[in-house]
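For 12-32, 44-65, 71-90, 97-116, 136-156, 168-201, 207-226, 316-337, 343-362, the entry in TrEMBL reads transmembrane segment. The domain 'O-antigen ligase-related' feature in TrEMBL is assigned to 172-329.
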Amino acid sequence: MLLFFIIPFDDYIRALPNILIIILIVTFPFVIKKEHIGKLRKLPTMLFIVFFGYIVLAALVTGRIETDFKIIKKIGIAAGLLVLYLPVYHDRKVQKAIMFSALAAVIFSVVSIFYAANTNASFEFGDTQMVIEALLIDRLYLGLISVLSIVFSYYAMRREYHDHNKYYFANIVINVLFIALIVSKIAAIVCLVIFIVAQLYSKKKVLRAIMAITAIAIIFCAVFFIKNQLKSNTSKGFKTEVNTFFNTSNTWRTRIVAWDCAIKNIENQGINLAGVGFKKTKDDLINCYGTNIKNDTERATFVNERYNSHNQFLDIYSSTGLIGLLLFVGFLIVTFATNKKQFFPTAIIVTLVIYCLVENIFHRQMGAYYFGLMLIILLVSNNNPQNNTLKN
C-alpha cells in the first residue's frame with residue numbers, strides 16, 4: 001500500500017517505487033494461490049491483457065519494439081500491477097493509501113503556494129503559472145488524486161451513523177476546496193459528471209430523474225449557445241472572450257493545438273489497422289507543430305517540449321491502429337457493462353475515460369501507476385454492493 005501513498009512524491013524519492021515493485025515481484029510467488037489466478041478469467045481482465053499483448057506483438061513484428069519500448073514499458077507497469085495485486089481481495093487499504101496520499105499532496109502544495117505568495121510580492125492566485133509551479137506535481141495529476149480521494153471517501157462512508165463518517169466527509173470537503181484553489185478544470189468537470197451519474201443510483205427516482213434531465217439539458221443548451229455565438233457575426237465580444245480564455249489558459253491551448261495536429265495526422269494516414277508506432281506518432285506531431293503553428297515562440301515551445309496528443313484514444317489509434325483502439329475501447333465498454341449496476345466502479349470508469357480524453361496517461365510513469373490502481377479496483381478487488389447505492 002506504501003507504493004500508492006508515495007507516488008506523488010516520486011520526484012523526491014524516485015528509487016523507492018521501483019524498490020517496492022521489486023519487493024512485490026519477489027514475494028508474489030509466495031502469496032499467489034490458484035483461486036487468485038481465476039480472477040484473470042474475467043472478460044474485462046482478459047481484454048486488457050489481450051490489448052497489452054497485441055501492442056507487444058505488433059511492436060515485435062514491425063520491428064519498432066526498441067523505439068516504442070518506453071511507452072510499452074509504462075503500459076506494462078499498469079498490467080504488472082494488475083497481476084501483482086491478484087491476491088488482494090479487498091481494496092480498502094489501497095483506497096486509504098490514496099486518501100492519505102492526496103491529503104499529504106494537498107498539504108504540501110498549499111504550504112508551497114502560501115510560502116510562494118509570502119515571498120513573492122507579485123504572486124497571483126488563480127489559474128496562473130505561479131500557482132502551477134508551486135504545486136507538488138502536475139496540476140492534472142493532483143486533480144486526479146483529489147477526485148479519486150473524493151470517490152474513495154464517499155465509498156467508505158457508512159449508510160448508518162458512524163463516527164468515521166465525519167472524517168471522510170471532511171476529506172471530501174478538503175479535496176473539493178483544493179480543486180477550486182488550484183483551478184483544476186478537468187477535475188471539476190469529472191466531479192460534476194460523477195455527481196450527475198450519482199443521481200442515476202439514487203433511491204429517490206423522481207429527484208434523480210429531474211436532476212439528471214436538468215443537468216443534461218443545461219449541458220446541451222450551453223453547447224448549443226456557445227456554438228451559435230461563435231458562428232454569429234454579431235457576437236464578436238463573446239467570440240473574443242472565448243478565444244481569450246483558450247489562449248490565456250496554457251493547458252487548454254496546448255490541448256487544442258495538439259488535438260488538431262493529431263487529427264490531421266490520422267486523416268493523412270487513412271485507414272490504419274496496425275498503427276505507425278508511438279515514436280513515429282510523436283515525430284509526426286512535431287512535424288505538424290513545425291508546419292502549422294504560425295507564432296514563432298509558440299511553435300518553438302511545442303517543438304522543443306515535444307508535446308504529445310493529450311488524448312489517449314487518438315494516441316492509441318495512431319500508434320497501434322484500429323485493432324489496438326478497438327481492443328482498448330472494448331475493454332472500457334465491457335468493464336462498464338460489467339459494473340454498470342454499481343455506482344463506485346462506474347465513477348472510477350467515468351474518471352478514467354475523461355482523463356484519457358485529455359491526457360496520454362501511458363506516456364508518464366505516474367499515469368501508468370494510477371491507471372494500474374484503477375485496474376486493480378475495477379478488475380481485481382471485490383466491491384461491496386451495499387456501498388454502491390447513494391447514502392441518504
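The backbone N, Cα and C atoms fix where each Cβ goes, and this holds for glycine too.
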The transmembrane segment (44-65) in contact with the transmembrane segment (316-337), cutoff 8 A, at least 3 CB pairs, sep 6+: yes
Sequence-remote partners of the transmembrane segment (97-116) [C-beta within less than 8 Å, at least six residues beyond its ends]: 1-9, 123, 125, 130-131, 133-137, 142, 145-146, 148-149, 152-153, 156, 171, 174-175, 178, 181-182, 373
Of 12-32, 136-156, 168-201, 316-337, 343-362, whichever stretch has the most CB pairs under 8 A to the transmembrane segment (71-90): 12-32
Contact between the transmembrane segment (168-201) and the transmembrane segment (343-362) (3 or more Cβ pairs under 8 Å, separation 6+): yes
Contacting positions for the transmembrane segment (316-337) when only residues 6+ beyond its ends and CB under 8 Å are counted: 43-44, 47-48, 50-51, 54-55, 58, 68, 71, 262, 265-266, 269, 271-278, 280-281, 284, 309, 345-346, 349, 352-353, 378-379
Non-local residues, at least 6 beyond the ends, that sit with Cβ under 8 Å of the transmembrane segment (343-362): 71, 74-75, 78, 140, 144, 147-148, 151, 155, 186, 189-190, 193-194, 197-198, 201, 255, 308-313, 315, 332, 335-336, 368, 370-371, 374, 377-378, 383, 387-390
Overall pLDDT of the domain 'O-antigen ligase-related' (172-329), taken as the mean: 81
